[in-house]
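Q: My questions all concern the structure below.
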Amino acid sequence: MGDITDLLSKVSIDDVYDEWEDQASGSLPEDAEIENVYKTLNVKIKVIGCGGGGSNTVNRLYDDALKNADLIAINTDASHLRSIKVKHKLLIGQKTTKGLGTGADPKVGEEAAIEEIVAIKKIVQNTDITFVTAGLGGGTGTGCAPVIARAAKEAGSIVISVVTLPFESEGPLRMDNAVIGLEKLAQFSDTLVAIPNQKLLSEVPNAEMKVAFAYADKVLADTIRSIVEIITKTGIINIDYSDIKTVMQSGGVALIGMGQSKKGGDRIMTALEEALKPRLIDVDVSTAKDCVFKIIAPPDITVSEVGKAMDEIKKKINPRSRIIWGLTIDKDLDKDVKVLIFMTGVSSAYLVKDVESARKAGEHVHRIICGRDRHGELDQPMIRENIFFNLIITT
C-alpha cells in the first residue's frame, strides 16, 4: 500500500494533462456536434456598474482584461461615464438630471433608472448571472442598483450584488443612504456582497482618500473576478454551473477567498491559507454547509498536492458540508498556484456587533443583517434559510 502512495505522490497532473490534451486534439465525427451543444451551454454573465463607484469597478475589470463576462457601466453623470473605457455604457436620467448627476440623492437615482427601464430590461435579458456593483451612499448607485437588480431578477437571472458601504469620514447622511439602499437591494439579490470601506482602512491606514477609494474598487473587482473564474474557467475537473447556482441560492452567510502562492515553499498550502485568511472581517468557517473551491495551477501540480488541499479544507469545515471542487491547468502560472474559495453557511460576530457599532442609529442595518421571517417578525441575528438574501463577507 505504501508503494502505491509513494508512486501517486510523484505523479504529476502534467501526465494526465498531456493525455487529456492529446485526446482533445482528436477529430472524432461527433466533435462538431459536441462543440455546437457546448456553445449553447456557455454561462452568460454580465457585470453592471451603477453610478461612479460601480463604473470605476467595471473599468478596473476592463483594465484587468476580465474574460467571459460582458461589462456595462450605467450612470447619470455624462462626464464620468465618458471616461469609462468599457464598450457598453448607458446614460440614465437625461430628462431627470440632464447628464449632470443626482446631487447625492438616491431618489433621483431611482427615478433616473426608471426613466430608462426599457433599456435596462434589454441589457439584463438572456443573462444567467448578473453582477450589480455600486458604491452605496451617493445618489446614482444607491438609487439605481435596486432597480437594475429587480429587472435582472424578473428576467430570470441569478443576481449577485457587490457593493461597498461608506467610510465614516463621509458622514452620517451617506451611511443613512447606504443602509436604505442596501435594504432595497437585498430584496432582489440572490447573493449580496457588502464590503464596509471602513474595514479597508486597516489595509491602507495612511493612504490618501483617492488611494483608499481605488483600493475599494480593487476589492470589488477582485471579488467579482473570483466568482467569474470559479464559474467559467474550464479544466481537467470542472465545476458544474448547476452546482454553483444551487449554492448561490442556498442562503446563509458566505465567504469568498482568493490566494496565490509565492515562489518557493509549500505552494498549495500557501495559496489555501491566503484564501482562507480573513483580512476584513473575522469569520468562522467551521459552520460552512457548502464549499466550492477551484485550484488553478501549472501542469506540474501533483496528485499529492491536490489531496493535501482537500484534506486541509475538510479539517476546517463541517464534516457534513458539501464540497465541490475543480482543477484548471494554466501554463502561464509557471510554478505558482491560485486557490479560489466560496463557502456558504459560515458565521461571523461582525453581523451583529461591528455593523451596529459602525452605524450609531443601527436599526436599518440590524434589520438588514437579521432579516424578517415570513410573519414579519425580526429574526435572530444568525442568518437562516428563511431570510430573504445572503450576505457575503469577503476576505
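Keep in mind that glycine also has a Cβ here, set from the backbone N, Cα and C atoms.
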Q: The GTP site in Swiss-Prot includes Gly52, Gly53, Gly54, Ser55, Asn56, Gly139, Thr140, Gly141, Glu170, Arg174. Which of Asp217, Asp222, Asp240 is also listed there?
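A: When Swiss-Prot describes the GTP site, the candidate it includes is Asp217.
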Q: Give me the long-range Cβ neighbours of Asp217 (GTP binding site): same chain, 6+ apart, Cβ under 8 Å, in sequence order.
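A: For Asp217 (GTP binding site), the qualifying residues are Gly53, Asn56, Thr57, Arg60.
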Q: Count, for each of the binding-site residues Gly52, Gly54, the other C-beta atoms lying within 10 angstroms of its own C-beta, and report the residue with the smallest count.
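A: Least crowded of the binding-site residues Gly52, Gly54, by Cβ count within 10 Å, is Gly52.
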Q: Quick one: what's DSSP say for Gly52 (GTP binding site), helix, strand or coil?
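A: DSSP assigns Gly52 (GTP binding site) to helix.
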Q: Non-local Cβ contacts of Glu170 (GTP binding site) (under 8 Å, 6 or more apart, same chain)?
A: Gly137
Q: What are the sequence-distant neighbours of Thr140 (GTP binding site), meaning same chain, six or more residues apart, C-beta distance under 8 angstroms?
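A: In sequence order, the residues whose Cβ lies under 8 Å from that of Thr140 (GTP binding site) (at least 6 apart) are Cys50, Gly51, Gly52, Asn75, Thr76, Asp77, Ile92, Gly101, Thr102, Gly109, Ala112.
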Q: Using a 10 Å cut-off, grab the number of neighbouring Cβ atoms around the Cβ of Asn56 (GTP binding site), all chains included.
A: 24
